[in-house]
């Protein structure tokens with residue numbers, strides 16, 4: 001090739017160099033995972049134990065006990081008979097169509113993922129709201145987490161931890177955590193400056209300001225973030241099933257490969273039912289707990 | 001209330017400067033050189049908030065800081081409890097340099113010494129009225145029962161008993177600010193910072209709140225620093241008034257000083273719109289009593305009368321002001337009995353004015369009378385006179401009352 005051809009074709013890197021880079025990075029990561037993979041597995045083993053215990057609890061308890069406690073939880077959160085009744089009906093249908101066990105597995109992993117996302121996400125959001133510099137660092141990371149195809153970060157996770165529940169949880173959390181972080185940050189930043197100033201003027205320290213003013217006033221926004229996180233976690237269930245997470249995702253995956261339309265539809269509908277129940281219950285709870293913020297006649 | 005100069009002031013602000021911007025230190029020399037706010041903004045992109053502020057605030061006074069938006073008044077009040085840190089300068093409260101307090105000490109200082117009332121109330125929407133009022137106490141870690149009790153007590157004081165369990169959004173603006181006021185009073189802090197506390201309220205509620213504040217102050221005797229953009233409000237409640245413009249202190253004085261001797265055109269423009277008959281009292285515009293008769297006999301009185309350039313005079317005895325005497329009547333009486341006693345001479349009865357009465361209440365009387373009306377204090381002493389010409393002059397908006405030797409107006413220009 002002549003030197004002048006860069007005008008016609010893009011001047012790209014030599015294939016050999018590119019191969020070298022890929023080889024080097026892959027090699028480095030492989031070494032890293034060989035070196036630290038076991039340590040990481042040990043590190044995550046409490047999480048795994050908890051996951052197994054929780055899944056067993058849901059799967060092995062009598063179905064009526066599980067149904068009763070879920071309905072009770074939904075009622076306590078929403079105080080709505082209508083919603084509680086639809087929970088009973090949809091879980092009965094799910095059970096009747098033979099998806100009870102898979103639904104319980106999915107329910108358990110979603111619950112754990114959501115809890116993890118909140119435990120990690122809210123503090124990160126708080127830190128982000130405290131300084132513009134932290135915000136400018138974290139925001140692009142969140143952008144990457146949300147837009148990077150999930151399969152891409154499944155690869156290193158699987159390389160490090162193998163196939164199973166823990167890498168599944170990690171993948172789901174990575175995918176689902178951005179909304180709760182973003183909206184916690186936003187919610188705190190939007191807190192009325194004068195109210196916060198009032199707290200400071202009366203001598204509140206940082207913690208008193210955070211717990212007494214910032215978090216309560218940001219809670220509608222934070223709740224919206226948690227809601228989004230739950231929805232995204234449910235959406236991730238199918239992809240997580242590719243790396244061995246049992247639950248409603250696996251039958252869906254099976255029906256894609258074997259073209260079982262009805263099987264896919266039923267399991268998909270079960271996921272939708274779970275999503276709607278989670279969404280309505282958490283929104284009703286948020287609305288109820290912020291009632292006094294909304295019904296003012298003076299705005 | 002006059003300022004007591006012999007006592008050490010409660011709060012002292014010394015040479016306070018505040019420059020907003022990234023490199024405020026580098027701009028300070030320019031500020032001290034005396035460049036204007038606009039020049040500095042154009043040159044460096046920094047905003048001068050406050051410039052060379054010196055203030056002494058005495059215990060127990062209502063000190064009003066007045067200025068238009070952008071004059072730096074809200075910035076200044078936030079320096080008292082260090083919600084804003086100055087670029088340079090000292091803030092002393094009871095001799096303690098607030099700038100030297102560390103975070104912990106500053107928190108304790110804010111809890112115990114000062115309480116603040118905000119323009120848009122700054123109430124916590126997620127707490128009910130009682131918990132809002134008790135907020136300062138809850139920050140201090142006071143137990144629940146005491147908090148509830150004190151909150152109740154202060155809510156009663158501000159006239160909101162029975163609203164304990166309501167949320168702020170359920171109250172009207174005036175009621176919300178009462179909650180704000182109760183919250184400030186609930187901590188028993190000595191100093192009350194009020195940042196345009198009544199500006200967001202409609203006029204009727206505003207004047208109601210002003211009256212309430214003045215009433216409360218009579219009982220509580222706090223030191224109140226009050227920010228406003230409304231001169232009427234400043235004159236109504238202030239013991240002393242400081243006027244800010246572009247971050248600089250333009251004039252400092254008692255309301256009458258400001259009203260009658262505005263320091264410059266800026267203050268004068270403010271003063272022009274003031275409701276003078278309500279803001280001024282008789283004592284501030286009266287003239288000294290020029291023509292008085294003290295002789296015991298009619299003949300003596302007539303002689304005194306002839307020496308003065310007027311044909312009327314006010315008759316005084318040791319018991320005080322007796323009435324007004326006409327030259328004509330006196331001449332007639334002298335023709336019949338020159339040695340007759342003044343006590344027997346029938347002086348013309350005349351209504352007198354109280355020196356503390358606001359001008360608006362005495363306009364009709366003064367305008368109807370052909371003589372200047374005597375101003376008599378509670379002890380019966382003649383303090384001065386008020387003619388309809390003088391009154392008309394003040395009311396018609398001559399901004400400077402003549403301040404030659406004859407006037408009684410204190411004229412201590414700053």
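The backbone N, Cα and C atoms fix where each Cβ goes, and this holds for glycine too.
Residues or ranges marked as transmembrane segment in TrEMBL: A:57-76 (among others).
Remote same-chain partners of the transmembrane segment (A:83-100), defined as residues 6 or more beyond its termini with a Cβ less than 8 Å from a stretch Cβ, comprise 63, 67, 70-71, 74-75, 248, 251, 266-267, 270, 273, 277, 280-281, 284. Taken from TrEMBL, the feature transmembrane segment applies to A:83-100 (among others).
Annotated domain 'ABC transmembrane type-1' per TrEMBL: A:103-282, in sequence order.
Residues 47, 50-51, 54-55, 57-59, 135, 138-139, 165, 168-169, 172-173, 176-177, 180-185, 187-189, 210, 214, 222, 225-226, 229-230, 233-234, 237, 240, 245, 247-249, 270-271, 274, 278 of the same chain lie 6 or more positions beyond the ends of the transmembrane segment (A:106-129) yet place their CB under 8 Å from a CB of it. What TrEMBL records for A:106-129 (among others) is transmembrane segment.
Annotation comment: TrEMBL describes A:150-177 (among others) as transmembrane segment.
According to TrEMBL, the transmembrane segment annotation covers A:229-248 (among others).
Annotation source TrEMBL lists transmembrane segment at A:260-278 (among others).
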Long-range environment of the transmembrane segment (A:57-76) - Cβ separation under 8 angstroms, sequence gap at least 6: 83-84, 87-88, 91-92, 95, 100-101, 104-105, 107-108, 277, 281
